[in-house]
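Visitor: To start, I am sharing the structure in question, which I have written as structure tokens.
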Amino acid sequence: MSARGGSLHGRVAFVTGAARAQGRSHAVRLAREGADIVALDICAPVSGSVTYPPATSEDLGETVRAVEAEGRKVLAREVDIRDDAELRRLVADGVEQFGRLDIVVANAGVLGWGRLWELTDEQWETVIGVNLTGTWRTLRATVPAMIDAGNGGSIVVVSSSAGLKATPGNGHYAASKHALVALTNTLAIELGEFGIRVNSIHPYSVDTPMIEPEAMIQTFAKHPGYVHSFPPMPLQPKGFMTPDEISDVVVWLAGDGSGALSGNQIPVDKGALKY
């Protein structure tokens, strides 16, 4: 259970894609530091082009239980970040319940595989629609509440290592994650006058349902040269990172200890991007 004197005590965090994996980890870790949580996830299939299983209502319920186990309050709802009206309604309800909004973790995203010229319209539009447009809609819905609260705050945009380098075999994903860098850096300038910081993080090889090892193996078997764009991590040559390791960085960026940082791209990759 979180201590009353946690580093984020009295603050409120809005976390997308919160039903499982990174999103749940971020929500729970922020709660452990004293923040109350607004948690959302679609809890349904995003598109027929996304081949791994979606999060479920039961997953979101488990996030709620985990946050409450930390002694914090949580407002959870099944919302598609592509749905502007539902996002705005949730933000309004969160502010009404908790009185403020201080932290946004724009975490929700989807991944797919395919060479750029072989992608279907549905594959392209789903990934861009969720990862880029959905993130923009999230920020458009939450930023006014942060400004109105007048407390400054921190926005963490969850991009990817694919937002900093080429990733053959999922160029639509890389395009969406690169675009988040421009979104992050522009917003960092625009929100500076309000004391709101905006940074992006770029995780690499995290153990979540999105990884789809079989899809990766099939892609590399068909196109062996692509494997060079997915090197092992120098600090951890085998296996994947855990969501909790990414949450270490999210919690730090949410708090005052990172107060000098805004408009930064932070690789969370155990050195892999240095190859």
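Quick reminder: no glycine exception, Cβ is built from N, Cα and C everywhere.
Taken from Swiss-Prot, the feature active site, proton acceptor covers Tyr173. Annotated NAD(+) binding site per Swiss-Prot: Arg20, Ala21, Gln22, Asp41, Ile42, Asp80, Ile81, Asn107, Lys177, Val206, Asp207, Thr208, in sequence order. Look at Swiss-Prot and you will find Ser160 tagged as substrate binding site.
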Visitor: How big is the gap, in Å, between the Cα of Lys177 (NAD(+) binding site) and that of the residue listed as 'substrate binding site', rounded to a whole number?
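Guide: Rounded to a whole number, the Cα-Cα distance is 6 Å.
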Visitor: In whole Å, how far does the CA atom of Gln22 (NAD(+) binding site) lie from that of the residue listed as 'active site, proton acceptor'?
Guide: 17
Visitor: Between Ile42 (NAD(+) binding site) and the residue listed as 'active site, proton acceptor', what is the CA-CA distance rounded to a whole number of Å?
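Guide: It is 19 Å, counting Cα to Cα.
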Visitor: How big is the Cα-to-Cα gap, in Å, between the residue listed as 'active site, proton acceptor' and the residue listed as 'substrate binding site'?
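Guide: The separation of the Cα atoms works out to 9 Å.
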Visitor: What does the structure give for the C-alpha distance between Asp207 (NAD(+) binding site) and Ser160 (substrate binding site)? Integer Å is fine.
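Guide: A Cα-Cα distance of 13 Å.
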Visitor: Can you name the residues of this chain that are 6 or more positions from the residue listed as 'substrate binding site' yet have a C-beta less than 8 Å from its C-beta?
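Guide: Result: Gly109, Tyr173, Ala174, Lys177, His202, Pro203, Tyr204.
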Visitor: For a quick check of packing: other C-beta atoms within 10 Å of the C-beta of Ile81 (NAD(+) binding site), how many?
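Guide: Step by step: centre on the Cβ of Ile81 (NAD(+) binding site), count other Cβ atoms within 10 Å, giving 27.
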Visitor: Hey, does DSSP put Tyr173 (active site, proton acceptor) in a helix, a strand, or just coil?
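Guide: Tyr173 (active site, proton acceptor) sits in a helix per DSSP.
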Visitor: Among the binding-site residues Gln22, Asp207, point out the residue whose Cβ has the most other Cβ atoms within 10 Å, with all shown protein chains included in the count.
Guide: Gln22
Visitor: State the three-class DSSP label for Asp207 (NAD(+) binding site), counting H, G and I as helix, E and B as strand, and everything else as coil.
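Guide: Asp207 (NAD(+) binding site) sits in coil per DSSP, no helix or strand.
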